[in-house]
Amino acid sequence: LRCGMRITKCQLLVTSLCIMLLGLSIATLSTITHNGIHFTLFSNISLERNSYRVIHNAAFYFGICLSMTLILAALLSSAATVRESQLLTAMGFFCFALAFCGLIPAACWRYTHGTEVEDSMMDVYDLVYEEVRRNASSFRRQELTAIHEAFLCCGKRSPFGDITDVETKTCPSSQVHNAGQDCLQEIQDFLRKHMDFISTLLGVSIGFTVYGMILTSFLLFSIHFSSNLDRKGKYVLR
């Protein structure tokens with residue numbers, strides 16, 4: 001029992017370190033997603049009826065809460081491993097279970113509503129582009145220019161290959177003369193790469209979280225039975 005307990009403690013320390021790194025990675029990714037220029041542009045432009053702003057804010061707060069839960073679980077598990085405390089081990093297991101309950105819905109939402117983010121960003125771009133094409137307002141033109149500069153793209157690609165006044169006024173000069181990329185395609189490619197990275201991070205986090213739950217539960221029972229074995233054979237004279 002003691003030998004198995006030592007192996008479990010070593011594995012749990014390594015797992016806790018990996019989970020702490022995953023928690024920091026999720027916090028960093030959530031901050032980049034919330035404050036990155038590619039996402040804040042659309043969040044500031046989107047209308048109230050568009051769902052992008054709600055998703056943008058919800059993803060940030062959910063990611064920060066999830067990262068804090070993972071980091072707390074890793075710290076409690078490390079402390080429980082060193083001190084062999086049943087209370088700390090139980091608290092670490094609870095935090096792992098809480099993180100698992102958050103990771104599973106996030107992964108399910110990614111695969112069931114993954115295109116919702118892409119569609120909402122496309123709708124925002126179409127709205128700004130059409131308003132600039134109709135009346136060429138200076139306010140919307142600045143927003144469209146900012147999107148083109150952020151994504152290094154140029155308007156919508158026409159099947160005839162011609163360039164409208166919208167592209168001439170809002171696209172960077174290098175993109176106009178060199179037949180810049182279609183913005184809808186660039187936004188789609190950027191989002192797919194970003195969402196693929198999120199999916200990978202969620203999958204790895206789920207795997208380590210489940211492994212951490214198994215190790216903490218085994219350590220909890222090991223500490224309990226080990227303390228009971230230590231008491232056997234000890235008598236007090238009265």
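In case you wondered, yes, glycine gets a Cβ from its N, Cα and C as well.
Which of Cys153, Cys154 pairs with Cys171 is settled by TrEMBL: its disulfide partner is Cys154. For Cys183 (disulfide bond), the same-chain residues lying six or more positions away in sequence with a CB closer than 8 A to its CB are Tyr125, Tyr129, Ile147, His148, Phe151, Cys153, Cys154, Gly155, Lys156. Residues 16-17, 19-20, 22-27, 29-31, 33-34, 39, 42-43, 88-89, 91-92, 95-96, 98-99, 102-103, 106, 116-117, 120, 205, 209, 212 of the same chain lie 6+ residues outside the transmembrane segment (54-76) yet bring a C-beta within less than 8 angstroms of a C-beta in it.
Within the chain carrying the transmembrane segment (88-112), a Cβ under 8 angstroms from the stretch's Cβ atoms is held by residues 62, 65-66, 69-70, 72-73, 76-77, 79-80, 195, 198-199, 202-203, 205-206, 209-210, 212-213, 216-217, 219-220, 223, all 6 or more beyond its ends.
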